[in-house]
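Enquirer: Handing you a structure now.
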Ligand code: HDD
């Protein structure tokens, strides 16, 4: 099937054309069985008499029920909940100097991609707004085969060695006796494990930061995490770290907001991505690389092979090399988003692995998990997974095999098939692993260069703004407050104290216990890099003290656009139409969306008799689902004082540090109908109807996303 597209050079819609072969549409068609027999009655089973038992011979009923009974497959062991989208990647400038990968050499090729974003810990039906890492997996359908960049929205990982991965996941998932809690790390087993694994401290800082509660999947960074290799045509290798930088900036919600969103709309992120693509607001990321020559392998005060470390952008700048645009929603969630199978081991010539022990373990795990999840070694034939590059080999048979391989030869070498399919020489595109020299003893140990567990946790914490540091302390107070075992809380305070004394004291205060002076070593293992007590955690002096790129609020790539932001207009009968229209137009011109909320659906009538269509009622809308609030003027607007949801709406917006604007009579609603006592710079008001200056300053303010300074006033 797929061989018909082998010579395709215009790659941009190559995958879509490939998927067309499997797309079906029942429009204007008869209903049939799976065998193509037209069905005459889809409402009644075949019975012995009107009130009699169903007959076994009813092949239509049996087929329908049997298929239904087998509709589910095991959910992913991690990253079970996800959202997918199609798109393309295009290169800005050739990377030929570093890699021979075709899609990174030729700027005229648009490479089709399929992306799946996910949470990690929760089940398929869990909330989008869990405090969690987000998966950021990209499948590039290149002309030389599939390249999967299976990353996260956090650039480091909890553990250094894949040997600990099952332990980490067992600890974070719902506890085995009662499967509680769902999609949450705030429980004993997770923090028990973490408190015994100081190597996790850097990642813990990220996960306790607002990075773990993104405003949108479209507004988060992505990272390949491990150090990979680029290999060029001369067989020279460079180390490389991959970064995705969102065009809309990196933004988060507040923790209280996240919890409320989970109740109001647990599909918040999924829907946001879907609607953005559906309305033509295609999300976009730039791909950046940090390239490090082989000769610099030992230059840094951390080990490039240690996945709990990042390479600060101040040491090695990120070079932007291309962009990815997501421009098409999947047609079918199960066929595409659920069945897509990523694997860090899917690489193409020009890209290679390093000896990062976490990456090495992943190389085994992903095929293995697809075998149990998708049920067959033929999962590469599922449409979303199949390559658009030519594919021929001597692998045969197995469950659900689709390919009809012709001929009698299925081995190599052969003479009967003329030696085909034949091996490719390197200059014909054949993959050859980078010929790194390895001369070593077999050992089960970690390198001493992996034993600094705190320096980058400190670097991350010190690089945050005071607001962000407060959020980390609050998150830790929440999480450890839910931990029941006091010894675990104490051990965590001991570890936090090694990151920052002030942070540990703040959390200790909330937990009502002192920061322990000496942490007692847990009885089961040394709190060291290995169980043999070798390489106790050490703090290495970092060559840099601060990295702005680590802070969401200081990040130099932060974007001030308000494109696709949703702004709630609190309206009622008798609103001033000009006030609504002027602000709506100004927001729309800046790319944002005005959502009219009123006591009932249909239309409301303005002061001057204009009918204004209503988008949502106060029973449905909630502040946490919006980015900002506008209360227009108009005599009828005082009616809002009688609607109890309005008060909650305004107070939540205020408490979550959102920008609020009000005009004329709308100001009175803020004054009398909320807890906002003092004017602050995040509340913008004007007595004039359709005030251009107010509209402009509101748009500018919304570009800052949040008025976090307000937290100090609350
Ligand atoms: Fe993993 C899924 C990312 C370590 C084993 N992982 C999975 C997905 C992402 C990541 C984004 C979801 C892919 C999708 O949307 O289908 N995983 C990471 C990152 C890691 C990491 C960035 C560290 C840097 N993972 C990791 C280790 C192991 C696994 C160390 C095992 C040794 N991961 C899996 C898995 C999953 C998976 C069990 C579950 C579903 C799947 O693979 O397809 O094999």
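Just so you know, glycine gets a Cβ as well, placed from its N, Cα and C.
Dumping what TrEMBL says about this protein:
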BINDING   76, 116, 165, 362, 366, 373  heme binding site
COMPBIAS  22-46  compositional bias 'Polar residues'
DOMAIN    32-420  domain 'Catalase core'
REGION    1-48  region 'Disordered'
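In the displayed structure, how are the listed features positioned relative to their neighbours?
Expert: DSSP gives residue 362 (heme binding site) a helix state.
In terms of DSSP secondary structure, the compositional bias 'Polar residues' (22-46) contains 0 helix, 2 strand, 23 coil.
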Enquirer: Could you say whether, by DSSP, residue 116 (heme binding site) belongs to a helix, a strand or a coil region?
Expert: strand
Enquirer: As a test of reading the model: what is the averaged pLDDT for the domain 'Catalase core' (32-420)?
Expert: 98
Enquirer: List nothing but the one residue from 76, 116, 362, 373 whose Cβ has the fewest other Cβ atoms within 10 Å; the candidates are the binding-site residues.
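Expert: Per-residue Cβ counts within 10 Å for the binding-site residues 76, 116, 362, 373 bottom out at 373.
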Enquirer: With Cβ-Cβ distance below 8 Å and at least 6 positions apart along the chain, what are the contacts of residue 165 (heme binding site)? List them in sequence order.
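Expert: Set apart from residue 165 (heme binding site) by at least 6 residues yet with Cβ under 8 Å, we have 159, 358, 361, 365.
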Enquirer: Please list residues from the chain of residue 366 (heme binding site) whose Cβ is under 8 angstroms from its Cβ, counting only those at least six apart in sequence.
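Expert: Same-chain residues close to residue 366 (heme binding site) (Cβ under 8 Å, separated by 6 or more) are 150, 341, 342, 343, 344, 345.
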Enquirer: When DSSP is mapped onto helix/strand/coil, what comes out for residue 165 (heme binding site)?
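Expert: Residue 165 (heme binding site) sits in a helix per DSSP.
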